[in-house]
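Enquirer: This structure is in structure tokens; I'll ask about it shortly.
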Amino acid sequence: MNERYELNKNLAQMLKGGVIMDVTTPEQAVIAEKAGAVAVMALERVPADIRARGGVARMSDPKIIKEIKAAVSIPVMAKVRIGHFVEAQILEALGIDFIDESEVLTPADEMYHIDKWAFKIPFVCGARNLGEALRRIGEGASMIRTKGEAGTGNVVEAVRHMRIINAEIKRLTTLREDELMAAAKELQAPYELVKYVAQHGRLPVVNFAAGGIATPADAALMMQLGADGVFVGSGIFKSQNPEKMAEAIVKAVTYYDKPEILAEVSEGLGEAMQSIDIRKLDEKDLYASRGW
């Protein structure tokens, strides 16, 4: 089991420094691959459409996933509902490359997340803080991402979550070893993982940014804040010029600390996706609060 988990962590590590794009058709997947995406997330609807339509959002139709998988050579991810281990079993049977246990879909279980150790396939999970991140890793997640607030085109929550996680990691590194058990209790996280973070000053898996990233500048901001890479959901194919936006965001992640290049790639992209002021959303419409 440990060998399999180390392999899964290494598979996620190979995506470091890259962009993972949400796609709903094989044609979009091809655009993403040509633009330089390191992986795609196969969906029936991007988060902005899930948010607009409401109702219960579930795992995508296997037919769509298989068509997208056949269209590209890069890894393909797909989402399952929090706690819905049967959806995960189906995706594993389809030969998907990564499973995202996602708060963007309607949770199937409000108490339990999926036992990711029961699967051979690597899992991605969202987190708002270090405790959440370490609990998901303790369940077997091979990759963490900020939850942000998907489908809004508003990066503020992704920034908040990344800063919180980084600050909590930094705090752990200042603690004495005899203080770490109390920290584990406070974080509600496994002691061994808390100890690892305190000793290494980082998570034991890669931590990507996600949720509300809509422009090259947003992507570069998250990279400068310490993200290992970026997920872009609605931001590309809800923009005015998806092909150009996709290429620009990939370049922005590569050259995130080069303002001259960022200025160049941000030029002439047309209008970004329509955005939402998160302060005006009802509590029930906030995806990030799903899961624990």
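Please read every residue number as a count from 1 along the shown chain.
Note that Cβ sites are derived from N, Cα and C of the backbone, with glycine treated the same way.
Pasting the relevant annotations from Swiss-Prot:
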BINDING   Asp22, Gly151, Gly212, Gly233, Ser234  D-ribose 5-phosphate binding site
ACT_SITE  Lys79  active site, schiff-base intermediate with D-ribose 5-phosphate
BINDING   Arg163  D-glyceraldehyde 3-phosphate binding site
Enquirer: Return the residues near the residue listed as 'D-glyceraldehyde 3-phosphate binding site', defined as same-chain residues 6+ apart in sequence whose C-beta is under 8 angstroms from its C-beta, sorted by sequence, else 'none'.
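Expert: In sequence order, the residues whose Cβ lies under 8 Å from that of the residue listed as 'D-glyceraldehyde 3-phosphate binding site' (at least 6 apart) are Leu225.
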Enquirer: Reported as an integer number of Å, what is the Cα distance between the residue listed as 'active site, schiff-base intermediate with D-ribose 5-phosphate' and Gly233 (D-ribose 5-phosphate binding site)?
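Expert: Approximately 12 Å lies between the Cα of the residue listed as 'active site, schiff-base intermediate with D-ribose 5-phosphate' and that of Gly233 (D-ribose 5-phosphate binding site).
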Enquirer: So for Ser234 (D-ribose 5-phosphate binding site), how many other CB atoms are inside 10 Å of its CB?
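Expert: Its Cβ has 26 other Cβ atoms within 10 Å.
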Enquirer: Sort out for me which one of Gly212, Gly233 has the most neighbouring CB atoms within 10 A, since those are the binding-site residues we care about.
Expert: Gly212
